[in-house]
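Okay, structure first, notes after.
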Amino acid sequence: MIVPGPILLLGAPGVGKGTQAKELVQHWGIPQISTGDLLRANVAQGTPLGKTAKEIMHRGELVPDSLVNEMVAVRLQQPDTVKGYILDGFPRTLAQAHWLDGRLAMQTEALPLVAVSIQVDYNQLLRRITGRRNCPVCQTIYNVYSKPPQRAGFCDVEGAALTQRSDDTEKAFAERMRAYAAQTAPVIEHYRELGRFIEVPGDGQIAAIAAGIVAAVERLRK
């Protein structure tokens, strides 16, 4: 098996990025590293970095790149990252991408990062998001277009009335898409210029999409 190295998984809201991350973790036997999880873990464990982050958040301020970078640096020192890892939510900015590239360049045996973008048609994403319904009792997720309940508006298991998240509207989705595009465009262009950017279709069965990602990454790593 080809060593995957560090992988940045990109995808607009609703593409199934989290699902694909789990598939890739299982296939390659590498960890998924989420900056959100790192931040919560550091705060919960009361680490020096976590205490600093907690103070910043209590002031209602955003945690700066420098602090997030330090948390990532500590996590990347763990032995389970030797073969590679899936990055979720990092790097978000061009500055973070440059920082990570510099850090990897200092590690003689480290492979350069590959950015993988999961592509799904806008209208299909819109249906995935706006059609999503949730059972407040058992947390089963339905979709009125692709996975409707047997009785419209009610959970098949609990019989409870299904709910819709307040941000699963067409307007909110459009705003999230604009924010995602603006935030990720510089990062995508950076890795595209380096020849380390891959686009993979996100339609179809979960396993087939994951297989497409694996094949694309391994072709680039040969």
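A Cβ is built for glycine as well, from the same backbone N, Cα and C atoms used for every other residue.
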Candidates Arg132, Arg151, the one TrEMBL lists with Gly14, Val15, Gly16, Lys17, Gly18, Thr19, Ile141, Tyr142, Gly204 as binding ATP: Arg132
Binding-site residues compared (Gly14, Gly16, Gly18) - the one with the fewest other Cβ atoms within 10 Å: Gly18
Residue numbers, six or more beyond the limits of the domain 'Adenylate kinase active site lid' (132-167), whose CB comes under 8 Å of its CB atoms: 173, 176
Taking residues Thr35, Arg40, Glu61, Leu62, Val63, Gly89, Phe90, Pro91, Arg92, Gln96, Arg165, Arg176, which bind AMP in the record, the widest Cα spacing (Å, whole number): 31
Close in space, distant in sequence - Tyr142 (ATP binding site), Cβ under 8 Å, 6 or more apart: Arg132, Arg133, Asn134, Cys135, Pro148, Pro149, Cys155, Leu162
